[in-house]
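These notes concern the structure reproduced below.
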Amino acid sequence: MSSEGYAALPSTEEVPWKRLSAKAPLAALVPLSATIGRMLLTALLPTYFAGERGLPTVLWIIMVGIAGILLAAGLYEVATLSYRVVGAQLEIRSGVFTRSSRFIEAARVQNTEVLQPFVSKLLGLVEVKVETASGGKADGHLRGLTPEDAQALIHALQSVRGEGAAVLLPGESSPEERVLSEARLGDLLLYGATALGVGVLAVVLSALHEITETFHKLLLPWMETHWEVMAAPGMGWLAATVAALAGLFGLWLVSGARAVLRFHGFRLVDTGTHLRAVGGLITRRQVTVRRVRIQQVVLDEPLLRRALGFGSVEVETAGVRTGKEASERAELLIPVVPTARMPELLREFVPDLPGAIGSLPLRPAHPKALLRARIRAVGLSVLVAAPATWFWGGWGALAWGLLPAQLLGAWFDWRFQGWFITDTLVVVRQGFWRRRTTVVQRARIQSVRARQGPLERGYGIGHVRIDVAGSHVVLPSVGWAEAQSLIDQLPGRRPARRVRPVPDATPLQQVP
Amino acid sequence: MTDPLPTLERLPRGALTLFRILALIRMGLYGAVSFGVALTLSFAGVEHWPFLLPCAVVLGLSVLTAWYPQRAHERWGWALREHDLVISHGVLLHQVVSIPAGRIQHVDVHQGPIERSLGLARLQIFTAAGSGADGEIPGLTRETADALRERLVRREADDVV
């Protein structure tokens, strides 16, 4: 059980149930429709390929029927949902015909999140998400609470845990709290411009495709009348350069817009026992993380951002979130932190850190790890360049230019990684192009594994993976004997206590 | 440097039989799939070489079946210590896992039909770290699996999540 104290609770045999606002189904209509729409998107794809004929009417009827039933079921659940904090638990009940109840122990709550999407804002409502360490999504998701009820709920959960932090909703602030970080619009645009993810690339390529399709008919007569100019030598290269620049500009625009949408007005405050982050343009989001639940902190500093003098900080609790990027999986992300302020901010999250990260005597990776990295670089380059040369001849042979680039990259990544162990922390730094420094609390380690692949066996090295709840980090390569001893040393030792004796336990003997 | 690992308990002889049966099943499965592919290719008009594919697959897997289970059996080992459970395994990718005792959330004991017929069981250990099992020991005798499970779950878990 948790060692955290519990406040005295009234005997709660008859604690009344609280209902969501009467406008809750209305607030849930848009997000539920969007979720169902995404689910049915795969089924709608054939329509695109079916061309003008489209899908048979009967299939449309079935699909619309399924969507309608799913939507009605979702709205029914919202309309019948009720909740109460009874004893040390949050109990959520929904359904009339089939009633389901969920119990969430307050002490197990990792973090709470208060959201105010656009429609909810119009209706004067908020959403509350309560996360524990159990699954890929929030264990308690209450859509359509009044701000007062949301405040009362979070306050009740905190009271049960014996915490008295002031509960505030998005947009509110308290004079006692200390501001740790804020993001201005210019910072966010810079953050967006330096974060070109695959998702953004896909959006921009689709947009370019649609634009080309749309304007093709309009451009064609102009192109035909200027055909001689268009076909002049060098115009192909010019067109390609213009297209590439336009694509890059589009990427920056989309990425910047995404950053502003997600973090507009971002503000991180310290309430003493909690860290609270608020931000977002259309959907206002407030995440509250309990300090005692912090598992690991990651400083994310890609080369471009380092050159511009900033990086991002990810704070992870055991709440399990899904997402392609590490920043999407982190419970709390501080998008823009000036490099000079990073040590100070890191100390706020990890007070045990003995000094600034830059001054820690990080141990380098094993020298033989460089050979392994070089072999991998050569293998990867051959895999790409050989088929390219086979299919495209001289032009394809240009792909062999990858080889020196990969070898150089391997050296940089090997040279700039390091690790360091203190009594309470493990610090791991990896990557040169995208430098990520992870600080893990040793007392939070769930398991440690030493691994040795066939190539590593040849060099007598191995690597160590540390798992904490909801995340993991891999140490740079070390000697295999050291890797095996690290699995013993790393977890913060807490002697196991036996609850009760095991008089009848079968002796642990293997049958030969 | 001395070996930092504790003395490990090895799997019983029956586990080797289990590994061999599983390898044979795998060989049959992949052989059938490659035969299906060869049949499809021959119907598609490719004449001579398609049936070399299942032959090559079965030949390769036969060598693997003769060699791999014995090696895997030698590599599996576990040790229950005061503060953790250590599991070591892997032929190509050698792996040693340490699961601190206080972090174990729950322990499962599985018995498939083949394991049941051999009187064996598979022990799976879960912590709060991820969605899957953090540690797994196949081919334990049922008695050992039950005793180990009992020892592991009776240790009080620290609330370190």
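Any Cβ shown, glycine's included, is placed from N, Cα and C.
Per TrEMBL, these features apply:
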TRANSMEM  A:26-45  transmembrane segment
TRANSMEM  A:57-76  transmembrane segment
DOMAIN    A:80-154  domain 'YdbS-like PH'
TRANSMEM  A:188-209  transmembrane segment
TRANSMEM  A:229-254  transmembrane segment
DOMAIN    A:265-332  domain 'YdbS-like PH'
TRANSMEM  A:377-402  transmembrane segment
DOMAIN    A:414-489  domain 'YdbS-like PH'
TRANSMEM  A:414-432  transmembrane segment
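At the 8 Å Cβ threshold, with sequence separation of at least 6, the transmembrane segment (A:57-76) lacks contact with the transmembrane segment (A:229-254), having fewer than 3 such pairs. Residue counts of the domain 'YdbS-like PH' (A:414-489) by helix, strand and coil are 21 helix, 40 strand, 15 coil (DSSP-based). The average pLDDT computed over the domain 'YdbS-like PH' (A:80-154) stands at 85. Residue counts of the domain 'YdbS-like PH' (A:265-332) by helix, strand and coil are 12 helix, 32 strand, 24 coil (DSSP-based).
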